[in-house]
Amino acid sequence: MSWGTELWDQFDNLEKHTQWGIDFVEKYTKFVKERTEIELNYARQIRNLSKKYQPKKKEEDENKYTWCRAFHSTLNELNDYAGQHEVIAENMTSQIITELTRYAQELKTERKSHFHDGRKAQQQIEASWKQLESCKRKFERDCKEADRAQQYFEKLDADINVTKADVEKARQQAQMRHQMASDSKNEYSSYLQKFNQEQNEHYYTIIPNTFQKIQAMEEKRIERMGESLKTFAEVDRQILPIIGKCLDGITQAAESIEPKNDSSQVIESYKSGFEPPGDVEFEDYGQAMKRTVSETSLTNSRSDNKADRSSKGKSKTLWPFNKKSKLSLNAHVRNLIEGSNPEDFSHLPPEQRRKKLQAKIDDFNKDIQKEMDQRDALTKMKEVYIKNPQMGDPNSVDPRLAEIAQNIEKLQVEAQKFEGWLAEVEGRMPVKSDPPRRTSVLYETQNSTPPTTNNNNCAQDRESPDGSYTEEPSSEVQSKVQPETAESGDEFDDADEEMLPTIGTCKALYPFDGVNEGTISVTEGELLYVIEEDKGDGWTRVRRNEEEEGYVPTSYVEVFLDSNAKDVFSWRRVFLSEDS
């Protein structure tokens, strides 16, 4: 079926139809563009969602649980899933939107050219028709004038009163009109033949060819629309395998969850290292009833009263916290409220503290190894420069080598500091032995029976009833086992016999001999523990190990105080209530 033969008289309708086809192409292009915007917005929202739930730096410990790792893998796969929707938008933009936009412009230009030719042919045939009508009207007019002239001549010729001259004039006029009519007839006949030829060429050649081109243009447009619709589906189909892999990754992450392993990891994360408390010993308060009558004399009563007062005064000094350590305790409580943690992880139970310190030491060792590798590489580079001066200046490497040496020294100092804390923790880790027994201070004082070695080991890292921890209650045990050979009610005298908690570290800036009593000698660069800061007298109390401690001039050391003291406030409160 050809538009040229079947639709020869539908020029205006074809013009409207082709314009509607171009509008449809632009409408479909707009539809695809909105689809790409939806894909981009969806991908952006998926990425933002994945980013929102990515683990923060403070949540890095979650990676040790398989269910957390599975969720993080799901977030990563979801991020890749969003990327595939971005690919859809990109491919639709390049393969459909850009191509259809360009094609629509070409289609408009081609359509305009075809209809311009058709309209021009239409105008020509209309002009020929008008010319034919003009010739026809002239022929008709000339014929009427000739008839009137002939009738006038015949009228004069029949009238005997008219002169011959008038009759001759009328005859000549009639002949002239007949000649004009004959000429108009010939002209009309000739133009009519010409018009019929033009009309035949217009409707059987020009218009069919023009409409055929328009028909081919329209069929090409429809074919292009079909290709675009197919591409629309293929763009989605191309990313389906990758999306399937993303979903498979989420499924594999879900299948990798191991409940048994995660439950075991909870033990590793929260194991304190303490042993459960043993049985509470029986405290015999009935020994006083076994005394003889002679023991109830006034003298014995006085001595007993004196001993009781001594026992009461002594019991006050058995607690390892005294006025000198109140500053550390208050700072610790304040830091607990503020949420800060000490550098040595002293707020953690021994087992967890050991793991944290070991992890820090491993990090320092990695950094040291990295710096040493850089130093070795620069050293080799310097040797190459020395052998081949044209390659570079050997002295240009020296500043960087010096900087690396300083970095290594700083890292080694930090590593030694943490190794010291680790050695301290490992030395205080409880040794598994017989279950310890709980005894009160009053019962130990009455029986004068020192606790066994196993009790000391367990009490060294004991847990208070409310769940708080202390790492240095060994001084309490030491004070308990000392025989009451003298009366003392002063807390400051017994404070020197206790092992105070460390509140920070310090580095000796200058050597100090420490010849006076109560001082300690230090060497330049030596690292020590601070157990009592300067109270305004210019002296700081430090400790080298569990046996050596003393005072050094504050101006001789650089002090680094921890933000937290030992977490024993609640433990102290419980045992004070027992003493009371």
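Any Cβ shown, glycine's included, is placed from N, Cα and C.
Computed from a predicted structure; not experimentally measured.
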Worksheet item: Taking 130-157, 354-381, 382-409 as the choices, which stretch does TrEMBL tie to coiled coil?
Response: 354-381
Item to complete: Six or more residues out from either end of the coiled coil (354-381), which same-chain residues have a Cβ under 8 Å from its Cβ atoms?
Response: 273, 344-345, 348, 392, 397, 400-401, 404-405, 407-408, 411-412, 414-415, 418-419, 421-422, 425-426, 429
Worksheet entry | DSSP-assigned states of the domain 'SH3' (501-562) in counts, ordered helix, strand, coil | 3 helix, 29 strand, 30 coil
